[in-house]
Amino acid sequence: MNTLLLHCRPGFEGEVCAEISEHAAILEVAGYAKARPDSACAEFICSEPGGAERLMRRLRFADLIFPRQWARGDYLQLPETDRISVLLAHLADYPVCSSLWLEVLDTNDGKELSNFCRKFEAPLRKALVKAGRLDEQGKGPRLLLTFKSGREVFVGIAEANNSALWPMGIPRLKFPRQAPSRSTLKLEEAWHHFIPREQWDTRLAAGMTGVDLGAAPGGWTWQMVNRHIKVSAVDNGPMNADLMDSGLVEHFRADGFTFRPKRPVDWMVCDIVEKPARNAALLETWIGEGLCREAVVNLKLPMKQRYAEVKRLLERIADGLAERGVKASIGCKQLYHDREEVTCHLRRL
């Protein structure tokens, strides 16, 4: 189990390689990263026994930016028939697991394998339980089987509390029919990723106040209104009429970069299409000056050196807050609903 498999958005394999290689170097885990363009995954091949396990134990998956999911393990070739027997034999050297996910890569080939995985899961689960390789009442790791085809699978494991919240890191969020744009799912996914579900009722409570910069037509505003948060929607464009009729939205026709609330708010959110450095500076200002307690801001990415640029901007935000003497948690993730962008979350401590 000396290979670390990392899922990602197609086209961002290079960013995953750069990110995991940097962490491995810091942790002194020898190895190398490799990936094929648009394959929706990357691999880190460890040069020493136990390297992949050390990486996963020393890193928090939630702190990684570009990987959607990860697992340590090995590739296994499967026959056309009796795949289960071959899998069971291979798993003899693996720990007993407490959950099972069958995964595919986020490619056209991967999507075509989804039906196979759905049909294969029930008989496989039954066989694993019968063979004592799966104990769903136990405390073992999660068994993650990533199928590249019906004949090739990556047999991996990961701790359930240190890996993706959803299979392949892809959330199953339903688009709310009342929301004025599909961008609404970005903010909902961000909340799932950055805020533990048990804290939603206190950190996203009814009666709180929020500002949505670049709000029109109101996709992100809708998420706050849906939780009965009072919103100042800032945009020169028109807002959705139903949102305005909710009584929870005040529309300010103003520039999102110059707008300031009359008093501090609980939340600031921003999905303005602008140079990432400008959005990062806006984020630092709002948290640094105490204009809000928490913020979610999207940073659009350049065409090249994307990981290096994100890292530079996060360091600039951290340095700026340190100079102000402000303590804050800083999180960053390329969410499933993000495209050429990442989502940053800051919380003033």
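Heads up, the Cβ atoms here are built off N, Cα and C, so glycines get one too.
Among the candidates Asp135, Asp235, Asp319, Asp338, the residue that Swiss-Prot annotates alongside Ser183, Ala216, Pro217, Gly218, Gly219, Asp255, Asp271 as binding S-adenosyl-L-methionine is Asp235. The Cβ of Asp255 (S-adenosyl-L-methionine binding site) lies under 8 Å from the Cβ of Val234, Asn236, each of which sits 6+ residues away along the same chain. When the C-alpha distances from Lys300 (active site, proton acceptor) to the binding-site residues Ser183, Gly218, Gly219 are tabulated, the minimum falls on Ser183. For Ala216 (S-adenosyl-L-methionine binding site), the count of additional Cβ atoms within 10 Å of its Cβ stands at 19 [all protein chains shown]. Within its own chain, Gly219 (S-adenosyl-L-methionine binding site) has Ala179, Pro180, Ser181, Arg182, Ser183, Thr184, Lys186, Leu187, Asp271 as residues 6 or more apart in sequence whose C-beta sits under 8 angstroms from its own. Each of the binding-site residues Pro217, Gly218, Asp235 was assessed for Cβ neighbours inside 10 Å, and the highest tally belongs to Gly218.
In three-state terms derived from DSSP, Gly219 (S-adenosyl-L-methionine binding site) belongs to a helical segment.
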